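Below is one structure, written out as structure tokens; comments come after it.
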Amino acid sequence: MRVLSGIQPTGRFHWGNYFGAIRQYIALQTAAETPGGRAFYFLADLHALTTIRGEPETLRQHTRDAALDLLALGLDPNRATLFRQSDVPEVTELFWALLTVTQMHLLDKGHSYKEKKARGLPADAGLYTYPILQAADILLYDSDTVPVGADQVQHIEITRDLAERFNHIYSADVLVPPRAYVLDDSAKVIGLDGEKMSKSYGNTIEIFESPKKLKKKCNSIVTDSLSVEDRKEPEGDNVFTLYKLFATPEQREELAAKYRAGGMGYGEAKKALIDAATAYFAPAWERRAAWEARPDDVEDVLRTGAAKARDVGGTVLDRVRVACGLAARR
Ligand code: AQP
């Protein structure tokens, strides 16, 4: 199994990023340890340039934080390859080769671009061609499995289409068409307002939120206005939906029974959520502090990861170069 996924260093990671993607990164890093298999995870700093422009120090800081967060959450550099996207120049060359086989209508359909445009946010050629750079990210490592949240499935399908189109045009199996790996229970994590949790919607709860802010945010989760005496059906309630992500089946059942019995206020359910989230991420807080004290080691992980990624990616890129009629570099 060849696993790959990228995450943008555009701000601190939130519960949506964790349950939608990062938790699967950690699980798959072991599953991918097969002969010839490997997990590649990268900090998508080139993609982040479509959001963070003219603020180099902010991007650098977010990239450092993103590396620390992933390591703290359990990414093991001895198992998985962790690197910065911009440290692998091969990806932008493959991006160009893919652009030459991309039909415009494919990009017109891209939901990130359509969504941002519809919300009146600035949309440039970088955002428009974003799915193609993403395809290059995936195809450069012969990845077959891409752990993502539901919002990214369309982009992985675009990647499949492009790989197949490329192979068809050049009449050879040059690129490996990948598949999205999505878990049903966390494909779309909701935010404070019940909509998809997303930085650009301002409804996120960060993984490494301070205890004070965590409490404040959880207390602001939108609920209905039923009185505390009412019996409530837990399914569909925002607090319960988030609680389920952290709880064991027994804990879920216990809280569900309290909802159904009536007499429980939302304050109690929110406290259960805060406690569950705090306990869940406690080991990650400890690991984060340990990595934070060793910045040179973090940089080392990223540089070693980039060297490995360039090695694997260089071979695939040469395959593409030769197929296209360009000279191989090795
Ligand atoms: N709410 C979510 N539920 C499930 N999965 C999610 N992901 C993001 N939000 C949710 C998954 O996290 C991974 C990283 O995606 P990204 O780097 O593109 O992060 P993002 O999309 O920038 O996160 P935001 O907060 O939604 O940012 P904006 O608002 O800038 O677009 C992906 O696998 C994604 O599916």
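Every residue, even glycine, has its Cβ placed from backbone N, Cα and C.
All annotation found in TrEMBL is predicted automatically rather than curated by experts.
The structure displayed is predicted, hence computed values, not measured ones.
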(message) Between 9-17, 153-161, 207-215, I'd like to know which one TrEMBL lists as motif ''HIGH' region'.
(response) 9-17
(request) With an 8 Å cut-off on Cβ-Cβ distance and a minimum sequence separation of at least 6, pull the same-chain contacts of M197 (ATP binding site), or say none. (result) H14, W15, G16, V189, I190, G191, N203, T204, I205
(message) With the cut-off set at 10 Å between Cβ atoms, which of these binding-site residues ends up with the most neighbours? Options: T10, D137, A150.
(response) D137
(request) Would you kindly give the Cα-Cα distance separating D137 (L-tryptophan binding site) and K199 (ATP binding site), rounded to the nearest Å? (result) 23
(request) Round to the nearest Å and give the CA-to-CA distance linking A150 (ATP binding site) with D137 (L-tryptophan binding site). (result) 18
(request) Could you state the whole-number distance in Å separating the C-alpha atoms of Q8 (ATP binding site) and D137 (L-tryptophan binding site)? (result) 13
(request) Fewest other Cβ atoms within 10 Å: which of the binding-site residues Q8, N17 wins that one? Let me know. (result) Q8
(message) For the ATP binding site, please report the maximum Cα-Cα distance among Q8, P9, T10, G16, N17, G149, A150, D151, V189, K196, M197, S198, K199, S200 in Å.
(response) 19
